[in-house]
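Written below as structure tokens is the structure these notes are about.
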Amino acid sequence: MELWFSERHTQNVKFSIRVERQLYSGQSEFQRIDVFDSREFGRFLTLDGYLMLTEKDEFIYHEMMTHVPMAVHPDPRKILVIGGGDGGVIRELTRYEKIERIDMVEIDPLVVEVSKKYLPQTACRLEDPRVHIYYEDGLRFIRSVHEEYDLIIVDCSDPGGPGEGLFTKEFYGSCYKALKDDGIMVNQHESPFYEEDAMTMQRVHKRIVGSFPISRVYQVHVPTFPAGHWLFGFASKKYHPVRDLDAVKWNMFGLSTRYYTTQLHAGAFALPYYVEEMLKHVE
Amino acid sequence: MSLSQERAPVYEALEEFRRMRVVPFDVPGHKRGRGNKELREFLGEKCVSLDVNSMKPLDNLCHPVSVIREAEELAAEAFGASHAFLMVGGTTSAVQSMVLTACKRGDKIILPRNVHRSVINALVLCGAVPVYVNPDVDHQLGIALGMKVSQVEQAIKENPDAVAVLVNNPTYYGICSDIKSIIALAHAHGMMVLADEAHGTHFYFGDNLPAAAMKAGADMAAVSMHKSGGSLTQSSLLLTGPEVNPGYVSQIINLTQTTSGSYLLLSSLDISRRNLALHGRETFCQVVELAEYARAEINAIGGYYAYSRELVNGDSIYDFDVTKLSVYTLEIGLAGIEVYDLLRDEYDIQIEFGDIGNILAYLSIGDRRQDIERLASALAEIKRLYQKSRNGMMSQEYISPQVVVTPQDAFYARKESLPLKETAGRVCSEFVMCYPPGIPILAPGERITDKILDYIVYAREKGCSMTGPEDEKIEALNVLL
């Protein structure tokens, strides 16, 4: 018997993983949630049929989303994570002792519940006493927040799902307002490769550039995402992502990582020429 | 009446017709879309294949005897009317048919001046004489309100020969007059009551919403199914009461309505009526809940005022339609039209309209909570980024018109075109309005004053989309010789 999970990456491109068995399937108020087990990628989570993470390659995404801003900001104590119900970003953040408080705003309680039960690899640190979970629309949560956070990490699904509001100008503007005067925002920035993803990527960049004085993009390689080539946004009120990187200090923390290094940190901001052009086009 | 509200006769007949695969040697010439590939691809095969002509199994809108007639009977029942007409020329055509049924040349009709242009257009067509009731005005918000019962009584006393009273139920902003008392008063004096319910379809189905005109005893009502009712743009209903002769109304409608009624529009009316009859109550409960939530969130931002039932004063604001999300913006130093433009240009959010002091977001059957979050956040951001001093902002105001000649006489009179600035004191022969909301600043036959000219210039500067005059740029106006 062969059982395959397939996701359309475009109208004409499909990506498939052979499934050993389905561990969970359910419908929340917001989306359909599924967890599968596979030989190649271990367990993986999908929302409305779109792959969110696999056990095998999630470290790339979560390390790069977390350690890049953590190595730039000199003293991040209060962090906001928007989305991220699988707990991967939280797991990385809780490795830093100096962080005092992490607020996580996830719209869908069922994603957290399912992750805790079936994805302990990422959801393992959601019980950390510094973590406070709010089940709310991120856009609503941030509307009334002023100069509270040192770092905001936006770890959401693609626009089209319940995360649609997290790709808007009003959201990025609200994040600016919710950050302290040296705050940093890192966000899921889609992919530059396929046309439709690339258009979203450009729109997102345009909106962030309009809201933050410093706005740079960096790249990662996530094998199970469309094209395998994914971008993150680094938007900041004060710190430059490469010039203000304090490599010595970060390495002193002694955190062991599998993807992130301070050398890769600088390299990740060097983008392919065509991506540079796309970004420049909307700046 | 034998059919149940679960039925949708026009829709069912079209489904049946599709299965028959009838060979078309009739119009429309695109022949189920085969003759227009681009259109077929754009609108979808199913859609173009249902764009068909009147024929025996599908009935005929001009003279309905089978499925359209049944659909009209079901609509009448659902809305509590004696008769319902499916309309395909927009609520404009329903309003005009209503006025043309009630009035002949020279007849007087009592109406508030803050009517939609379609009402005064009807007066141009039939030559009736308007007797305006100047609506009360909320001076803070700058919006015209409903008619006070005492004002209507006064107008009736001064014009005992008037044949009808027209009521907005509600206004674009959601304000309702005391329609029950107005109906009792008008009927006691032998006058008909016509209701413009372009913005009130949901009154017939919701709980705790203002009174629906036909249920309150009105003689005719024009109901925009395509606004809050969920049908396709341009489809509408005309409802009549027991005292109105449906045969005569049908003749009036056929004076101006197309003989090629679109089955896309007709089926959308049929399906939407069924939906409203079966699920309207719970749907509008949700819409009200969403609107209340949106108001609370917008008012929490500070600076904006999303108003509601607290305005009710028992007379000129007898009731308020809580599904309308009207927001006063002048306190943050921005005209409504400026906020409207910013929402669209900067935040990709299209709202219904912005005027000098307010914006209106239209909430209905299809809205989602997450979109309300976007609207509230965008308004918060607009305040943070664009707020300025209120100095120099004009308040919107209602300017009482001076009617000199009837709309029809003015429209057809000998006239000349003058530069805007030189028209003060003259009688205008055309409309000037911001669209939306489409309530005339000047109507044919009204005297032009300096105050009106200042208002036109200011509204144009702020970016209101002005329409009406022959001169599209509104640099010149036609005035009577």
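Think of each number as a place in line: the chain as shown, counted from 1.
Yeah, the Cβs are placed from backbone N, Cα and C, and that goes for glycine too.
Annotated features, as they stand in TrEMBL:
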ACT_SITE  A:Asp155  active site, proton acceptor
BINDING   A:Gln31, A:Glu106, A:Asp137, A:Gly138, A:Pro162  S-methyl-5'-thioadenosine binding site
BINDING   A:His62, A:Asp86, A:Asp155, A:Cys156, A:Ser157, A:Asp158  spermidine binding site
DOMAIN    A:2-237  domain 'PABS'
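TrEMBL feature annotations superimposed on the structure.
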| residue | record | DSSP (3 states) |
| --- | --- | --- |
| A:Gln31 | S-methyl-5'-thioadenosine binding site | coil |
| A:His62 | spermidine binding site | helix |
| A:Asp86 | spermidine binding site | coil |
| A:Glu106 | S-methyl-5'-thioadenosine binding site | strand |
| A:Asp137 | S-methyl-5'-thioadenosine binding site | coil |
| A:Asp155 | active site, proton acceptor | strand |
| A:Pro162 | S-methyl-5'-thioadenosine binding site | coil |
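Residues from the set of binding-site residues A:His62, A:Asp86, A:Gly138, A:Asp158, A:Pro162 situated with their C-beta under 8 Å of a chain B C-beta: A:Pro162.
The distance from the Cα of A:Asp155 (active site, proton acceptor) to the Cα of A:Glu106 (S-methyl-5'-thioadenosine binding site) comes to 10 Å.
Neighbours of the S-methyl-5'-thioadenosine site: apart from A:Gln31, A:Glu106, A:Asp137, A:Gly138, A:Pro162, residues of the same chain with C-beta atoms within 8 angstroms of the site's C-beta centroid are A:Phe30, A:Gly83, A:Ile107, A:Asp108, A:Cys156, A:Gly163, A:Leu166.
Calculated from their C-alpha atoms, the gap between A:Cys156 (spermidine binding site) and A:Gln31 (S-methyl-5'-thioadenosine binding site) amounts to 13 Å. Listed recorded positions: A:Asp155, A:Asp158; maximum Cβ neighbour count within 10 Å falls on A:Asp155.
Confidence in the domain 'PABS' (A:2-237), given as mean pLDDT, stands at 96. A:Cys156 (spermidine binding site): 23 other CB atoms within 10 A of its CB, across all protein chains. Rounded to a whole number, the distance between the Cα atoms of A:Ser157 (spermidine binding site) and A:Asp137 (S-methyl-5'-thioadenosine binding site) is 13 Å. Every protein chain shown contributes to the tally, and the Cβ of A:Ser157 (spermidine binding site) ends up with 21 other Cβ atoms within 10 Å. Taking a C-beta cut-off of under 8 Å and a sequence gap of six or more, A:His62 (spermidine binding site) has these contacts in its own chain: A:Gly88, A:Val89, A:Arg91, A:Glu92, A:Thr122. Between the two most distant C-alpha atoms of the annotated S-methyl-5'-thioadenosine binders (A:Gln31, A:Glu106, A:Asp137, A:Gly138, A:Pro162) there are 16 Å.
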